[in-house]
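Asks: So Swiss-Prot says this about it:
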| type | residues | note |
| --- | --- | --- |
| BINDING | ASP90, SER91, GLY92, GLY93, PHE94, ASP144, GLN193, GLY220 | substrate binding site |
| ACT_SITE | ASP90 | active site, proton acceptor |
| REGION | 251-257 | region 'RNA binding' |
| ACT_SITE | ASP270 | active site, nucleophile |
| REGION | 275-279 | region 'RNA binding' |
| BINDING | CYS308, CYS310, CYS313, HIS339 | Zn(2+) binding site |
Amino acid sequence: MEFKLKHKDGMARVCEITTAHSTFLTPVFMPVGTVGAVKSLDANDMKNELDAKIILANTYHMYLRPTSKVVKDFGGLHGFTKFDRSFLTDSGGFQAFSLSKNSKHFNEGIEFKSHIDGSHHLFTPKSVLDTQYDFNSDIMMILDDLVALPATKERVKISVDRTILWAKEAITYHKSMQNKGIGIGQNIFGIIQGGTDYEERKRCALSLNEMPFDGLAIGGLSVGEENALMYETVQNLNPYLDENRPRYLMGVGTPEDLVENVERGVDMFDCVMPTRNARNGTFFTSFGKFNIKKAEFINDHEAIDPACSCYTCRNFSRGYLNHLFKAKELTFFRLASLHNLHYYLELARKMREAILNNSFTQFKRNFYHLRGK
């Protein structure tokens, strides 16, 4: 991976990241392709309609089905999905924690039951990397020990101890595998845990900073805490993060979350919110969000967002989309997902532009003004 810090405006940053499959600027939003596809969209949509440079796929889901061996047989994620730009794969730890009713965390790894057939599995720091080697993802995430918030101080300390232990095991294993010719061209990110405990977050960040990860992620936020506490936690971490590595806030979030955390120095984001909300009829726009199922849109000839240049807004009216949603027409999911993802990707582009122009503060003011805030 090549990383260049191009410009700063306060804490907000524009960076250039080059992997084996694409070059992209940050702040960047990564659409989530949980099972190897962004829901209702294909590789052509991602490249030609949205111009996404990097997307996320989920290790837990693709490990269980179709299995990493099947994906490897197709030439990795790029050959399997035909998306030939960058892939980031998470470790699967969050899904093992959240989808399995009886997951167990111990120092060797995470034991869990498949949500598909109830079979028993064990994720370890080494095994999740082996799975991601099969995927040939451009950026691999290490296994970390996530805790739901609120959590006791003792449980947070155990989480940080375990995450540091697993990080050491993962980076040592990755370097040894690269020496054997495996994982060449693949990059590895560490994950900082610690809940909202300042000292534990600091301890975890300082420990991971000493390890030769290609980037660092902030995990374990947006899992039950108030937004203000999330923003404070990210801001407090800033002095302890290496300026010359990417910073990735995992699983976050709303448009407001992106703006607030870019202001606090975050480079990379992912979230299922744009596509999940699309399937429920909720659209993100420059003036806020609204749900298309309301009767007021039946005869509305306007585009979802007159200021938007996405395929959906260029071609279809609110009235038509209201009809498709109420008719449960599958076409709706694609059109709504295209719009919401375009909105998120365009928001990231506008933030990059504002940072480069030293006008991020004004951008943020206008962002909230359009929402009546």
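Note that Cβ sites are derived from N, Cα and C of the backbone, with glycine treated the same way.
These figures come from a predicted structure and were not determined experimentally.
Explain the structural surroundings of these features, please.
Replies: In this view, ASP144 (substrate binding site) is surrounded by 30 other Cβ atoms within 10 Å of its Cβ, with every protein chain counted.
There are 31 other CB atoms within 10 A of the CB of ASP90 (substrate binding site), with all protein chains counted. DSSP classifies ASP90 (substrate binding site) as coil under the three-state reduction.
Through the fold, the region 'RNA binding' (251-257) approaches residues 94, 219, 221-222, 227, 230, 269-271, 273, 284, 343-344, 347, 367 of its own chain, all at least 6 residues removed from its boundaries and within a Cβ separation under 8 Å.
The DSSP secondary structure for ASP270 (active site, nucleophile) is strand. Spatially close to ASP270 (active site, nucleophile) yet at least six residues away along the chain are PHE29, MET30, PRO31, VAL32, LEU56, LEU88, MET250, GLY251, judged by Cβ distances under 8 angstroms.
Counting residues 6+ beyond its ends, the region 'RNA binding' (275-279) has Cβ neighbours under 8 Å at 31-32, 38-40, 289, 333, 336-337, 339-341 in the same chain.
DSSP assigns CYS310 (Zn(2+) binding site) to coil in the three-state reduction, placing it in neither a helix nor a strand.
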Asks: I need the neighbours of the Zn(2+) site defined by CYS308, CYS310, CYS313, HIS339. Which other residues of that chain put their C-beta within 8 angstroms of the C-beta centroid, in sequence order?
Replies: ALA303, ILE304, ASP305, SER309, TYR311, THR312, ARG314, LEU338, HIS342, TYR343
Asks: Please list, in sequence order, the residues in the chain of GLY92 (substrate binding site) that are at least six apart in sequence and whose C-beta is under 8 Å away from its C-beta.
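Replies: Looking at Cβ-Cβ distances below 8 Å from GLY92 (substrate binding site), excluding near sequence neighbours, one finds ASN58, THR59, TYR60, HIS61, TYR63, PHE123, VAL128, THR131, LEU143.
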Asks: Please give the maximum pairwise Cα distance, in Å and rounded to a whole number, for the substrate-binding set ASP90, SER91, GLY92, GLY93, PHE94, ASP144, GLN193, GLY220.
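Replies: Farthest-apart Cα atoms in ASP90, SER91, GLY92, GLY93, PHE94, ASP144, GLN193, GLY220 are separated by 15 Å.
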Asks: Which chain neighbours of the substrate site, leaving out ASP90, SER91, GLY92, GLY93, PHE94, ASP144, GLN193, GLY220, have a Cβ atom within 8 Å of the mean position of the site's Cβ atoms?
Replies: PHE97, MET141, ILE142, LEU143, ASP145, LEU146, ILE191, GLY219, MET250
Asks: Considering Cα atoms only, can you say which of CYS308, CYS313, HIS339 is the nearest neighbour of GLY93 (substrate binding site) among these binding-site residues?
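Replies: Closest by Cα: HIS339.
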Asks: Take the C-alpha atoms of GLY220 (substrate binding site) and CYS313 (Zn(2+) binding site) and report the distance between them in angstrom, rounded.
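Replies: With distance taken Cα to Cα, CYS313 (Zn(2+) binding site) is 35 Å from GLY220 (substrate binding site).
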Asks: Return the member of CYS308, CYS310, CYS313, HIS339 nearest to ASP144 (substrate binding site) in space, with distance defined Cα to Cα and candidates limited to these binding-site residues.
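Replies: So, of the listed binding-site residues, the one sitting closest to ASP144 (substrate binding site) is HIS339.
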